[in-house]
Amino acid sequence: MTAATAQRIGQGSRSSKEDRDRRLVRYWLYAVFVVLIAIVMVGGATRMTGSGLSITEWKPIHGVIPPLNHAEWLEEFDKYRQIPQYQQINKGMSLEAFQSIFWWEWAHRMLARFVGFLVAVPLAFFWVTGRLKGGLKYRMLGLLALGGLQGAIGWWMVASGLSELTSVSQYRLAIHLTTACIIITAVFYIARGLVTYSERPAERSIQRFAGWIVFAVLVQIYLGGLVAGLHAGLTYNTWPLMDGAVIPSDLFIQSPWWRNLFENPKTVQFVHRMFAYTVLVLTVLHSLQVWKQVPGTTHARRTIVLVGLVLIQAVIGIATLLMSVPLHLGLTHQFFALIVLAFAVAHWRATKGAYEG
């Protein structure tokens, strides 16, 4: 065997090992992604069932164990009875009814704890065994830090509903939801950067537009968080007009005017609707751009799927509105928003190609 042949075999062996390592890390990130989706969906159910304030303390370690006997349940229920939500809305609630809302919030917090372990433990293993190359180590540390911050934001949100309000602040709810979606975006973006793509990266203009679409979807999710926090989906339950008007007359009844954008349920729903149309227009324009510059490519075909997903999400949103936000449609609307976000992220990453090395 010549030296050149031995060198080629050695390079092939290293390449095969690197491919295996990238695949392992990618599958791990996919698992994290799935659990993050589950957390957001359980969080949505927690919000829609009015369960988010059922646990009035933040116990990152001791909170893992729920009440185990009747006395402990009564103690937990007594804590809930001290807050305004019980006193003003749920007064007279039975212990059984309290238990049903308790389990939603407990499950949400348990999933959040679980994903912390799902990130930290494999991260340590991959780091020690040298499976994380280049900047991947620091990207993953950033995700871990962002996850810790999200836990603090979650308690900050819950705390807003324990003293004076009967529900959590819509500002904090929207921030909590959007931060979760930013983490989902980052995890999926990194995972898709470890894929081997058959097509070369798209031109910079396409990459930038794809990135702006991801940003627009995140903004729309933030606006959806405001809608959820204010129960703004119950204001105008007609479409395409809003109670017979294109632009209702009571959008700016609060002073100063900008407060309406965050605190007036009618204005918040109006903005969420209008921005939904904006996202749809952006995806159509992006598709036209890609088909003009690189027609018939995988990049172009993906944009057709993206437009289709946005259209489906719009239909789900309209149905949710017309039916006054029933639980199943509200959760479907939230889930499909995550599908749109994930596909937009996958498309954006694919236009840039895989990470080098």
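Each Cβ is built from the backbone N, Cα and C atoms, and glycine gets one as well.
Under the heading transmembrane segment, Swiss-Prot lists 24-44, 110-130, 140-160, 175-195, 209-229, 274-294, 303-323, 325-345. Per Swiss-Prot, heme binding site is recorded for H272, H333, and the stated evidence type is sequence analysis.
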Is the transmembrane segment (274-294) packed against any residues at least 6 beyond its ends, judged by a Cβ distance under 8 Å, and which are they? 202-203, 205-206, 209-210, 212-213, 216-217, 219-220, 223, 300, 303-304, 306-307, 310-311, 314, 317
Could you tell me whether the transmembrane segment (175-195) and the transmembrane segment (24-44) have 3+ CB pairs under 8 A, leaving out pairs under 6 positions apart? yes
With Cβ distances under 8 Å as the criterion, find the stretch in 110-130, 140-160, 209-229, 303-323, 325-345 that has the most pairs with the transmembrane segment (175-195). 140-160
Who are the long-range neighbours of the transmembrane segment (325-345) in its own chain, taking Cβ under 8 Å and residues 6 or more past its ends? 33, 37, 40-41, 44-45, 48-49, 181, 184-185, 188-189, 192, 210, 213-214, 217-218, 220-221, 224, 231, 233-234, 302, 305-306, 309-310, 312-313, 316-317, 319
Quickly jot the same-chain residues contacting the transmembrane segment (209-229) by Cβ under 8 Å, restricted to those at least six beyond its ends, or write none. 44, 47-48, 167-171, 173-178, 181-182, 185, 202, 262, 265, 268-269, 271-272, 275-276, 278-279, 282-283, 285-286, 289, 306, 333-334, 337, 340-341, 344-345, 347-348, 351
